[in-house]
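Q: After the structure tokens below, expect a handful of questions from me.
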């Protein structure tokens, strides 16, 4: 490529792509001739024709134009690289002729100066939303941490358990051996004996039956469990014991089809009989009191009748006498009118 003669009379060397040592540095006049051309461009718009100056030949002023429609990048980039190359050229020119200088390859291959552009970040609105969401998460986390102790306290609050004494357990076990399903009357009697509420006694029996069933299942007595379930249903729904089971127990409980059920039925019947026998003395004493009251009423009525008797008798007799006298008068008149011989004979006798 032919070079242009500069004022100093030297020729410029052809540029190579790799850094090379330049034997003769350009004079300051050539560098100054390039500067007005660079500053004459209005705002850097449009491309001018390349000259034959050392800066043009070495590509020191080569600037990459951004593609149309592309957003302008951050300040720096290749324009900064061009300015850097220009500064290097000036330094080489001032160093004087004959001083070797290493110049870089075409500057478009140089990396951009300044901070490397990272991946495109989210827009400011999205960033604000993200920050607000993180704040809300942190607030909710703090609130949940504050709420956790309350929930743990609520979970720790358990129902008050009834602590049974030895005497209460003894009475309850006795009642359980007599009947696994006590009725309301039996539970009330137990409540009086043990000084426990009736509902707590009912819950104790439920737990005791569950424990008994678990133990029987471990022993593998399935027939007893079936009888137990039947007995519970009978007690709940007031169903009488089937006659077939009662008839099968005539020879004894051992030969019956449901010995355990019959045993429990027998125990419950004994308990009910005991309760009836305890109620009978009270009923007899009340009957005696009622009889005594009736006798007293009868005696008082007799006394009142005796007091009124003498006053009534003369009146009754007077009424009767008046009636008989009237009847006699009527009969005498009739006899006189009729001329009855009997009346005449009576008059003669008189």
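Just so you know, the numbers here start at 1 and follow the chain as drawn.
Even glycines carry a Cβ here, placed using N, Cα and C.
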Q: Between 27-47, 48-68, which stretch does Swiss-Prot give the note region 'Disordered'?
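A: Checked against Swiss-Prot: region 'Disordered' maps to 27-47.
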Q: Taking helix as H, G and I and strand as E and B in DSSP, count the residues of the DNA-binding region (157-216) in helix, strand and coil.
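A: Computed counts for the DNA-binding region (157-216) are 43 helix, 0 strand, 17 coil.
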Q: If you average per-residue pLDDT over the DNA-binding region (157-216), what number do you get?
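A: Residues in the DNA-binding region (157-216) carry a mean pLDDT of 86 in this prediction.
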